[in-house]
């Protein structure tokens, strides 16, 4: 393959390599994705997102984790896709529809100086709480809210939520003191999660204010996870720890999440372009 043009972008530290595939059907093997995502020998990222044409929406995001595995969707990633298509002149709409592996999502662009996108609000749709649809191998189809399971000798309470991708939300006393990198991969690959799972460790900082660390399926600990923040908001409300409008601090920045009366979850946060370049793959 000739030199591959790319743009690196980040949403509160959740960084991906974005490849404009609207003019050519560009595809990479899992090994190539691993190579360019490597932080020592490649560009360095949490994964790769291809921006493609869509028959269902205005554009499609085709997402892969840094280990080369595919993923349905990324909340921070979709904000960056929205910024890319507007800032690079692929659309002049401030409300484009973007197809993801979790369905077509509507975004609302907040334009700043230089006619560039600063913030993006995304209607993330309704949370899924039915165990078999998350999926979780569970004893019944009742929502899994504050249920206990054992991992590495610890009894942990978790709430299971899908925002188009699966999340296990666990509230702990102090995220920074919790062994996220030790426990996270054990939960990710626990047999009750047949497609593996993203894990959120959450500490209550105040009224409707959480601090979140995320162990992402296929990527390890990341600085942020937008779908995870949405799942945390839902779990916080279902467990009586918060209302439906929540401020969530992550290691890379802050997101505002609202679980609306319609049942949809609205996520608002920044999106930034870091640099563009070419790489041999």
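In case you wondered, yes, glycine gets a Cβ from its N, Cα and C as well.
Keep in mind that this is a model prediction, so the values were computed, not measured.
The record from Swiss-Prot ties 14, 75, 76, 165, 198, 216, 217, 226, 227 to substrate, and of the options 65, 155, 237 it ties 65 to that site too.
If you take the C-beta of residue 14 (substrate binding site) and look for same-chain residues 6 or more apart in sequence within under 8 angstroms, you find 46, 74, 76, 77, 222, 223, 224, 225, 226, 252. Residue 226 (substrate binding site) carries a helical DSSP state (H, G or I).
The maximum pairwise C-alpha distance among 14, 65, 75, 76, 165, 198, 216, 217, 226, 227, the residues recorded as binding substrate, is 16 Å. Sequence-distant neighbours of residue 216 (substrate binding site): residues of the same chain at least 6 apart with a C-beta under 8 Å from its C-beta are 46, 65, 198, 222, 225, 228.
Neighbour list (residue 165 (substrate binding site), Cβ cut-off 8 Å, at least 6 residues apart, same chain): 71, 72, 73, 74, 101, 102, 198, 217, 227.
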